[in-house]
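*Asks:* One structure, as structure tokens, below. Some questions next.
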Amino acid sequence: MVSVLLSKKIDIVIRELGGCMGPIWHSYFRDTEYLMYMIDLNNRQQISAACIQLLTILQDKQLTNTPVLLLLNKIDMATIMSRPEFENYLRLEEIIQYSTQNITVHEISAWNGKGLEEILRWLQANYKPR
């Protein structure tokens with residue numbers, strides 16, 4: 001669990017739930033205000049499993065109107081699945097069209113920091129005070 005300061009008055013808590021914890025993710029959804037879902041574009045063997053987990057999450061009633069940030073990670077690597085290839089593979093346009101959630105997609109590199117500012121802007125734009 002990490003606390004992130006978005007501004008002087010906005011502090012949020014981020015919980016990382018790894019893929020192996022998929023079966024218990026639903027127990028964390030009740031108080032979820034945002035969902036950031038990261039897919040490793042360099043791990044082609046895991047992309048299909050990650051996509052199935054994403055579709056399962058999007059169907060959870062507790063997350064019906066929760067804004068979703070889909071993070072496509074490892075864009076700094078030469079061997080990744082390209083974004084157009086990924087979008088076609090996942091049929092992402094259809095998922096976004098028919099989902100009850102507002103889904104935003106960003107490409108990032110957790111290694112060199114590319115795209116991290118966009119994550120903060122997305123969090124600030126989607127912030128709703130309690």
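Note: Cβ is positioned from N, Cα and C throughout, glycine not excepted.
Small disclaimer: the values here were computed from a predicted structure and weren't measured.
Dumping what TrEMBL says about this protein:
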- GLY19, ASN73, LYS74, ILE75, ASP76: GTP binding site (BINDING)
*Asks:* Sequence gap of 6 or more, C-beta under 8 Å: which same-chain residues meet both conditions with respect to ASP76 (GTP binding site)?
*Replies:* SER109, TRP111, ASN112, LYS114
*Asks:* Can you name the residues of this chain that are 6 or more positions from ILE75 (GTP binding site) yet have a C-beta less than 8 Å from its C-beta?
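*Replies:* In sequence order, the residues whose Cβ lies under 8 Å from that of ILE75 (GTP binding site) (at least 6 apart) are LEU41, GLU107, ILE108, SER109, LYS114, GLY115.
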*Asks:* So how many other Cβ atoms are close to LYS74 (GTP binding site), meaning within 10 Å of its Cβ?
*Replies:* 19
*Asks:* With every protein chain in view, how many other Cβ atoms are within 10 Å of the Cβ of ASN73 (GTP binding site)?
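*Replies:* Cβ-Cβ neighbours of ASN73 (GTP binding site) within 10 Å number 20.
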